[in-house]
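The active site, for GATase activity annotation in TrEMBL covers Cys2. For Asp101, the entry in TrEMBL reads L-glutamine binding site. Marked as ATP binding site by TrEMBL: Leu265, Val291. What TrEMBL lists as domain 'Glutamine amidotransferase type-2' is 2-214. According to TrEMBL, the feature site 'Important for beta-aspartyl-AMP intermediate formation' maps to Asp366.
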Amino acid sequence: MCGIIGVASRRPLASREWLDAGCAAMAHRGPDDGGSWWSAKGNVGLAQRRLAIIDLSPGGHQPMHYAANRLTIVFNGEIYNYLDLRDLLRSKGHKFTTQSDTEVVLAAYSEWGTDCLSHLNGMFALALYDDDKKRLFLARDRAGEKPMFYAVKGSELRFASELKGLMADPGFSRTIDPVALDCYLMMGYVPGGACILQGVHKLPPAHALTFSLEDGETKVWRYWSLPPAPEFDANDDQALVDELEALLADSVRRQLVADVPVGVLLSGGVDSSLVTAMAVRASPHVKTFTVGFKGHGRYDEAQYARLVADHFGTNHIELYAGDATPDILPMLARQYDEPLFDSSMIPTFLVSRLVRQHCTVALGGDGGDELFGGYEEYRRVLFLEEKVGPIPLALRKMAATAGDALLPTGFRGRNWIKALGVDFKADLPSVASHFAASERRALMGPLWDTPADDIRAARVPIARDLLQRNTRMDFENYLPEDILVKVDRASMLASLEMRAPFLDLRIAEFAFGRVPTRLKSSSTERKILLKRLCKKILPPQFDADRKQGFSIPLPEWLKAGPWRSFVSDVLLDPNSIFDKRAVSALIEGHGGKRNNAERLFGLTVFELWRREYGI
């Protein structure tokens, strides 16, 4: 795992200091090594910070060159099929001088050009300069596990793993994009392609980019898409269970490969328990970790993890994090580059920091919910469609409009009342919306433009049924812009590499292209196929129906005490951009039948982010 940064320009660059400063700002992503390189003409510069995982020798140093220095790369991530690719490329005449997967990527590009991406199975963000073609090539993995920010200004393109790398240049523009901010207030994150700062973009997952040094042309294209849903329902359910078992076992086996200690984060839930079971098959001495919060029973999963660990005989370690104090938030707001509503960024960082004391790489269960219908929201939406779908849409819209007007912000179930007005045959209920358009205007002023609803609606994929739309929407939006951002930034702040076996290319294509809707979720059950696999390989007393998100008792903390005081001080500060009356109503209204915890958290993180970066 690494942090990468660079620049390409049609003209030689006089100022180079910012590149070193930007690389240093991401030192946490790679504490083991660092390097930089400039082209002979001084118009291309690449730099990297390295967390050594595979080939710990100096041979893995980056930037790395290939083909008589005609190709130069900085690479962040892991290619899990690199050994297979190395054998294939050797058969085509390529020679290797290191054991690293980075050299394999260089050889793959040398052989197939930008089409090399179709051969890579892994998590990655890469930047490769091709001196023959006089172009810079950027690419990002299919799920969006590894980040890539970029900005094009005139005849120059800059990129970095983290936005703070670009902002290390004091002259870098720091103007908030109002459209991105509106999306943030509604969705809880800034959607892919956009960025909280004007003039900056996130390269979307499964996309690549070329920047020509000859004419300055920038091309961005999608190199992979989710397969269409199966046209015919599979008749042999057990065959699908067996196929998933084989795929997951091979994915875990490949992701356990490293030249440093590897562990598994075991929560005791379905996804991490299945990963643990497969890890034990591949390695007899698996370390598993569970992190709990003492004194907060329903947030402590240690007993469920212990059941799985004991059954498989893992080397199990239970770690306990103390109560988080609000002074952790400014550091996290800075680390996350863009603001994020997701308060589980706190326990994710605390877990990463504790686990890093024992290993350098950890496998987790991320992606299982999006691929196999695991969120409770999916079940509830299907239940809603089943119960109210037959009612004429016009009547449901009237009820939804009335509910939206009468119910206060934070009222439990309000988003579900609004969902009554959704056309279930073409759209998706926005049950996770944080602030409605009227609420965003209350926060930002009556003239505030609210395009986020239309932007979200335009991203709803065309699919055969409601669950297909929901899971595909989350895989392409919520997963890469919330879940994977949270995991990447938190783990990298602790210099820990997190891997997600469920996001293996083959499993993603299997989940969306082979598994019928009825084996994912229904109005009464979630993760149907995964539960059948659990029944086959996990202990009989394992509770596959239990669902506990990775969270903290934030609603309780914000009712009184230091957290409430901290949030109030930040949001009611004269320099806050949010309307004080609207914010005061949120603070005073929290509790009882209203839960404004995530809303208050998201607003606070935004204001702390502004402070940290002087925006």
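Yeah, the Cβs are placed from backbone N, Cα and C, and that goes for glycine too.
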Recorded positions Asp101, Leu265, Val291, Asp366 vs Cys2 (active site, for GATase activity), shortest C-alpha separation belongs to Asp101
Across every protein chain in view, the count of C-beta atoms other than its own within 10 A of the C-beta of Val291 (ATP binding site) is 25
Leu265 (ATP binding site) and Asp366 (site 'Important for beta-aspartyl-AMP intermediate formation'), compared by Cα position, are separated in whole Å by 10
Model confidence over the domain 'Glutamine amidotransferase type-2' (2-214), as mean pLDDT, sits at 96
Residues near Asp366 (site 'Important for beta-aspartyl-AMP intermediate formation') by Cβ (under 8 Å) yet at least 6 apart in sequence within the same chain, in sequence order, are Asp271, Leu479, Ile483, Leu484, Val487, Met498, Ala500, Phe502, Leu503
Mapped onto three states, the DSSP assignment of Asp101 (L-glutamine binding site) reads helix
Reading the DSSP string in three states, the entry for Leu265 (ATP binding site) is strand
Whole-Å Cα distance, Val291 (ATP binding site) to Asp101 (L-glutamine binding site), is 32
Using a 10 Å radius on the Cβ of Asp101 (L-glutamine binding site), the other Cβ atoms enclosed count 25
Per DSSP (three-state), Val291 (ATP binding site) is strand
